[in-house]
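Engineer: I'd like to ask some things about the structure below.
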Amino acid sequence: MKILAIETSCDETGAALVEGQKTETGFIFKQLGNAALNSQAKLHAEYGGVYPNLARREHEKNLPIILEQALQQTEGSEIDAIAVTQGPGLEPALWAGIMFAEALAKEKNLPLIPTNHMEGHLVSSLVQDGKMENVQLPVLGLLISGGHTEYVLMKNWFEYEVIGETQDDAVGEAFDKVARMLGLPYPGGPEISKLAEHARSGGENSSVKLPRPMIHDKNLNVSFSGLKTAVLYMLRDAGGIHTLSAGQVAAIALEFENAVGDIFISKTRRALEETDAKTFVIGGGVAANKYLRARLVKFLEDEFPNVEMRLPELSITGDNAVMIAEAALARALSGIDDVAKEPVRAYSNRFSILPPK
């Protein structure tokens, strides 16, 4: 089965044609042609974050170009269905992709499959070298991005339960906001990580201390607003960012990243103990953070050696169309009929794979 996927949940315009087949132990996926992706990050940098209506206009402009790029070198490949990100995401951006996909499906007389963005992150994180096989259930997923931070449990295939989530800011949002306070460019997550890595390699053991909100709470929820506010107060008490040396700014970046790591280690430990998960995955843009990846890998090796950890390839941690195709293929090949029977509606903030009410 071949699915052409369209992704426009935020500021990345993506299209990809992926072939999938079911095996005795899972699924095999093969990308056909190019996985075309256009990032708007530079355009949104002057706003310090994503400007929704600008994102929509850029998607509308770029989708025909991206589609052409994705279908290069795929002549003769018959497409069986079109998948499109329905949500969660920024509604103006989502609508651009949905309207484009609906028109394309009508033109080519193909079924349209609305697909959950977060399920795409989770499913694609289970794929290793094009194969999603021998997955041990239950699966515990930590989905971390600019818009989401949640622990998701999959006891049975494609049945999800959100067992913990942020009570305020998503972790990627917190990275970006703290980076802005420190005078770093957007997107801020990679910039904080660069500073933190430099400080860590130089022997800095964090000369500043920040709180770890909710780290001892007996639940799986997290909070990052207090951590962000602590950085704000620290800068205010110092007289502003302009009074700090480059080394002091790096020390704050290091302590912020350390605090985030401590929170996720603590909550992941509790989640694994409570769920008896056999597989642990991380997904989303923040899953590209080298420090968090390394800490979580070592943590599982040391404390939960019988739990398999699957890391997404760095190329698919951010928003992309390949993950949307893989999620749609896995469901369709399992006999789940997600084909749209009525016009698709965008939804902004919801993991559930059920249609929005």
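Note that Cβ sites are derived from N, Cα and C of the backbone, with glycine treated the same way.
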Engineer: Among Asp302, Asp319, Asp337, which residue does TrEMBL annotate as binding Fe cation at the site that also has His117, His121?
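Structural biologist: When TrEMBL describes the Fe cation site, the candidate it includes is Asp319.
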Engineer: Three-state secondary structure of Gly189 (substrate binding site) from DSSP?
Structural biologist: helix
Engineer: Please report the three-state DSSP label of Asp319 (Fe cation binding site).
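Structural biologist: Where Asp319 (Fe cation binding site) sits, the three-state DSSP reduction gives coil.
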Engineer: How far is it from Asp319 (Fe cation binding site) to Ser145 (substrate binding site), counting Cα to Cα, in Å?
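Structural biologist: If we compare the Cα positions of Asp319 (Fe cation binding site) and Ser145 (substrate binding site), the gap is 9 Å.
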Engineer: Find the average pLDDT over the domain 'Gcp-like' (37-325) in the predicted model and report it.
Structural biologist: 95
Engineer: Taking the Cβ of Asp319 (Fe cation binding site) as centre, how many other Cβ atoms lie within 10 Å?
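Structural biologist: Excluding its own Cβ, Asp319 (Fe cation binding site) sees 28 Cβ atoms within 10 Å.
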Engineer: Which three-state DSSP class does Ile144 (substrate binding site) fall into?
Structural biologist: strand
